[in-house]
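A.B. asks: Sharing a structure with you now.
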């Protein structure tokens, strides 16, 4: 049974049980900074497990089913080395928000597996939490699973989150029941007698049913108290690829129909069959290219931090394994269309965004292969500093791996060719230290249900989300509902206290969509607090970070909330950002997509997908288009509409962003260019007419990462100040060069030409100095040993470039081995004849350094370094020649 058929059978089955089928949510979590990527099927549905009403399509649905794409990188080093680990996977799930519970979840799971997938009931085993008698009895009495195939386990195996009772976290939790498939003795080990025993792969977990019925409270770590939840939920997860491997009767998911075509293509491209030791590299490439294509298709971009660093690491690991297969040129981008072909029917964004994704991957590959070349040079330098028989330290091998992406096995192979060993134990220790740091930093998966302050939960249950008034007003009267300081809820806050203030309604915009959070004042009789920024919770409760300056602020106080008037500048910049986006697409093409933004009062920053720097004329056209929009003074309107209607009208959505059923569409009613319009889904603050922006000037354009560019610009008074400052600097420069501003460019070109001429004269003088020194001897007489002519020359005052030139000249004059010294520097050059007699510059220099002090290295005909004692070097060199 093909993977696509299994996926459809599952979703159709639960639709028949009254579930709403939802499309997969983005891999990029929406409004959940605790997650780098969507890592579980339930992650996007977290608010509904915590009590939010599950409204979809205008009605409430208590039953939902999904096939969710997920990405996890916690065990990345095991990917490819085992048949159980992968990064990008699809999780089938059925969910109940306070509707059905254990009985239905268990009976439906059994029905689907045995009647619809036709799995042999005799090969299905189940496990339950040791204290969950209810689940045990359902399996035994209602389903009919024999007692010997029902295992009872503790909180580490059959409670979610694992170990939560003893170790936390606090919050919703519950027992779980897992379903395993017995693949037979051929897949196992003698000690494997059932699920969670032994070390083999005989018993494969295919489905986990989580019964979220308790609120865990208490010390962490320490024995927790399990309080029954008012709303009991069901959260299940079935690994699509594990089930596919069973139904397709293949040994692991790498041979299923969504993986194996990629592995076959890698084998074809490399000429290395999928077998033996190299099969690890085939699997790594197949897994990682799927993950990279999926993440980029959902809006991620390569970077040095956060999720961008994760996908960069995946791409580089795949490239390293390609290198081991002999693929030394960019090749991953050529696999992207195959990934889109295999997965694009269910994830259409992969096909829609394929051209941009291919381009990003190609650029990132080219950049990294240059880095890999740097790793080769670094490894050569490290090995050159070792004595014969020495071992490369593990920390250095790991630094090569971590900085240059240089795989350990490649380091071992190259070192062995040169006669050196590698401290692999030290490498593993350094790796484990980094993984420990990584696990500590990325403990978010365990905290997926981490609870906010109880007061916020109670406020939301009682009043709902904060009412936002800021689209139409910068001031409002409001009531203080709560004061929070850290984890504490306060009744009042005095002068100097920093608190998070919750109001019943607010004109303050909460940070989001690239726009910074509003700042300003809260005023009340006898008191004042300064709001530094504003954010909001997942549930839409606005948190005003404020410091009390005068008086005492109390819960229940009526305050006047006043947004700083600079918000108007923020509005100018936000509308200008929309115009910039449209202008970039008009000038550069429809491949341009927003990849990030910052909208502040004093500037705007816009990141967008484009493979190369903008030409000056392109920047000029973009800037002119935006200013024509401004001068036309078109109205700016916004209205709410269903998401599908907005898409049909052509409203631009953020690349990879997921939206609710009803969205706000911001539109500029007019255009300076036929066929060009600005219409975007946006919750931010905007001017009422484009003329309010005043003016728009681009300050800079630069690269952010491979395939992503950044423009910074200013509007309004900031644009005037920027223009005036630029003119003043131009005038000052012209005065300093004693020319008129109109003649400034001509004067600079003349100065640059004169500078180049002087540089040529300096180089000529250096060459003459070298010739004079050599002609004057410099100790550079030629001597002979074993048919090789050698010389040592001391030439004071030369830089490294001149030293190399001197060595070249000596070889051209007949020397086979030329050592040139200047101050603390040294260059060694060999003739083809010397190389033909078995000499290698790096090895000869290291041998010389052992006798004359100093360090250095090289390869082939050239080596360089420093610290050699000239007298000792002159005495030692002939003894090192054949």
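The backbone N, Cα and C atoms fix where each Cβ goes, and this holds for glycine too.
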A.B. asks: Pick from 823-852, 853-882: which stretch is listed in Swiss-Prot under region 'Disordered'?
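C.D. replies: Residues 853-882 are the ones Swiss-Prot records as region 'Disordered'.
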A.B. asks: Over the span of the region 'Disordered' (853-882), count residues by DSSP class, listing helix, strand and coil in order.
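C.D. replies: Its residues fall into 11 helix, 10 strand, 9 coil.
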A.B. asks: Within 8 Å of the Cβ centroid of the Zn(2+) site residues 574, 578, 682, 686, which other residues of the same chain have their Cβ?
C.D. replies: 571, 575, 577, 599, 636, 666, 680, 684, 685
A.B. asks: Under 8 Å between C-beta atoms and at least six apart in sequence, can you list the same-chain neighbours of residue 682 (Zn(2+) binding site), or say none if there are none?
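C.D. replies: Within the chain, residue 682 (Zn(2+) binding site) has Cβ neighbours under 8 Å at 513, 574, 578, 638, 664, 665, 666.
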